[in-house]
Amino acid sequence: QMRTTHKVSVWPVGLVGGRRYERPVVENGKVVGWYTGWRADRPFAIDMAGFAVSLQVILSHPKAVFKRRGSQPGMQESDFLKQITTVEELEPKANNCTKVLVWHTRTEKVNLANEPKYHLDTVNIEV
């Protein structure tokens, strides 16, 4: 699905942020918010594994940088994406962000410390 990205596309990511999944919340084909376990107030409350950027966008924003240093913890994605797009321009993939096709994996035990006790999302996603 990344291949059809025109500018910047987004999708859910499994096993991230201390939850079973995090995802963009989509209404009428547009991203309107974020289902996340950590800092939902971020401009782009998304994991690095949850978006793709068209090469044409990268080439048309030569000063856009992904900072290894200089961003607050957890703000690298937002700091980068703010340079190249807006939330309104995001292209939801994975069936309007209702399917987990990407997992954030590590070689350690999964941490679900931020998983709510009761299902709070508006859709039922199998992880």
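One is the number of the first residue shown, and numbering goes on along the chain from there.
Placement of Cβ uses the backbone N, Cα and C atoms for every residue, glycine included.
Because the structure is a prediction, the values reported are computed rather than measured.
Residues or ranges marked as active site, proton donor/acceptor in TrEMBL: Glu77. Per TrEMBL, the feature N-linked glycosylation site maps to Asn96. If you look up TrEMBL, you'll see Glu22, Asn114 marked as site 'Interaction with galactose moiety of substrate glycoprotein'.
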For the recorded positions Asn96, Asn114, which one has its C-beta crowded by the most other C-beta atoms within 10 angstroms?
-> Asn96
Roughly how many angstrom lie between the C-alpha atoms of the residue listed as 'active site, proton donor/acceptor' and Glu22 (site 'Interaction with galactose moiety of substrate glycoprotein')?
-> 14
Among Glu22, Glu77, the most crowded of the recorded positions [Cβ within 10 Å] = Glu22
Determine, to the nearest whole angstrom, how far the Cα atom of Asn114 (site 'Interaction with galactose moiety of substrate glycoprotein') is from the Cα atom of the residue listed as 'N-linked glycosylation site'.
-> 24
The residue listed as 'N-linked glycosylation site' and Glu22 (site 'Interaction with galactose moiety of substrate glycoprotein'), distance between Cα atoms, whole Å | 13
